[in-house]
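Q: Below: one structure in structure tokens.
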């Protein structure tokens, strides 16, 4: 469902814009659609036709998304496996300090080699109301003051629905614009569209390396854009909107954590209006990638910080409960990594 469909359904039962606005705000707070306020009961505000017609609309909205399972983690995060109306599932993560990570697609077409979500490919887009429904569900559990589009999917590949959800969350959802974070691998359309929006979100760019050839290997179906050009575009956006870019770097032991890479990262990012989030890879059994040691991660952070790059370590939330993006859904949906299966079969043949 799209947000416009929701609004049209409300208009069809006689809701005026002022009524639709109140219903929007109630839903995005995680409240019933007919919730009143401290100063005015719903029966004193909504006309009879709206009060009588809300129940079937509320039932449709409830079917958009439901919590299939909850997984509490030791770090204070709460991973939610969210079931959609057609039986598909996506992940949302309630983060410490009132944040929420939401999904924008079922699966993903980019196929990042270190990401579980890409193993299944792209199954379908989420509608704007399905994206917002993740926020409504989460707010029934605890406050949400920041929403990051870093869950399943590439937001730029579902641009219209994501931007519609951002507009809604940044107005009726009462979330500050810089607390809405649009994450992308570097789709050129992002840098054209986002500056034109009324609600201009913060931007997170998937960098992962300073080497164009390695980035093509790690992100095989991402736009062919050199890391230096990506940073240049990010810097221009950051200066325009007035809040820093987040650069994402998933640390893979022996792949992109060398001293040579860190030297290049320092040269590329020093003095830029941004922060580098280094994310130690969330290893899974039998995977070809491994996370660097804690000592190496801290050494990288210190080195970059000492060389003029604001650097933070961002572990995937919920390391003890399938913390990497897509891992929880993969376990529930029995998603198989074909390359890992082939390696196991080859190992079995060799052993025989």
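Any Cβ shown, glycine's included, is placed from N, Cα and C.
Just so it is clear, the model here is predicted, and its values are computed rather than measured.
Annotations per Swiss-Prot:
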ACT_SITE  91  active site, proton acceptor
DOMAIN    94-320  domain 'Radical SAM core'
DISULFID  101-325  disulfide bond
BINDING   108, 112, 115  [4Fe-4S] cluster binding site
BINDING   153, 154, 183, 206, 207, 208, 282  S-adenosyl-L-methionine binding site
ACT_SITE  325  active site, S-methylcysteine intermediate
Q: Do me a favour and check the Cα-Cα span between residue 115 ([4Fe-4S] cluster binding site) and residue 208 (S-adenosyl-L-methionine binding site); whole Å is fine.
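A: For residue 115 ([4Fe-4S] cluster binding site) versus residue 208 (S-adenosyl-L-methionine binding site), the Cα atoms are 12 Å apart.
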Q: Check the Cα-Cα distances from residue 153 (S-adenosyl-L-methionine binding site) to the recorded positions 91, 101, 108, 112 and tell me which is shortest.
A: 108
Q: Expressed to the nearest Å, what is the distance separating residue 208 (S-adenosyl-L-methionine binding site) and residue 112 ([4Fe-4S] cluster binding site) at their Cα atoms?
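A: About 11 Å separates the two Cα atoms.
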Q: Check residue 282 (S-adenosyl-L-methionine binding site) against DSSP and tell me helix, strand or coil, would you?
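A: Once the DSSP labels are grouped into three classes, residue 282 (S-adenosyl-L-methionine binding site) ends up as coil.
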Q: Check the domain 'Radical SAM core' (94-320) for me and report the mean pLDDT.
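A: In the predicted model, the domain 'Radical SAM core' (94-320) has a mean pLDDT of 94.
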Q: In sequence order, which residues at least six apart in the same chain have a CB under 8 Å from the CB of residue 206 (S-adenosyl-L-methionine binding site)?
A: 112, 183, 184, 185, 186, 219, 222, 248
Q: Of the recorded positions 91, 101, 108, which sits closest to residue 154 (S-adenosyl-L-methionine binding site) by Cα distance?
A: 108
Q: Here are the binding-site residues: 108, 282. Which has the lowest count of other Cβ atoms within 10 Å?
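A: Per-residue Cβ counts within 10 Å for the binding-site residues 108, 282 bottom out at 282.
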Q: Of 101, 108, 207, 282, which recorded positions are close to the residue listed as 'active site, proton acceptor', meaning a Cα within 10 Å of its Cα?
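A: Cα filter at 10 Å returns 101.
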Q: In whole Å, how far is residue 108 ([4Fe-4S] cluster binding site) from residue 207 (S-adenosyl-L-methionine binding site) when you measure between their Cα atoms?
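A: Taking the Cα atoms only, residue 207 (S-adenosyl-L-methionine binding site) lies 17 Å from residue 108 ([4Fe-4S] cluster binding site).
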Q: Under DSSP, is residue 208 (S-adenosyl-L-methionine binding site) part of a helix or a strand, or is it coil?
A: coil
Q: Using a 10 Å cut-off, grab the number of neighbouring Cβ atoms around the Cβ of residue 183 (S-adenosyl-L-methionine binding site), all chains included.
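A: So the number of other Cβ atoms within 10 Å of residue 183 (S-adenosyl-L-methionine binding site) is 23.
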Q: Just to verify a number: CA distance, residue 282 (S-adenosyl-L-methionine binding site) to residue 108 ([4Fe-4S] cluster binding site), in angstrom, no decimals.
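A: Here the two Cα atoms lie 18 Å apart.
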Q: Under DSSP, is residue 101 (disulfide bond) part of a helix or a strand, or is it coil?
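A: Note: residue 101 (disulfide bond) is in a strand by DSSP.
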Q: Can you give me the Cα-Cα distance between residue 101 (disulfide bond) and residue 108 ([4Fe-4S] cluster binding site) in Å, rounded to a whole number?
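A: Cα-Cα, rounded: 16 Å.
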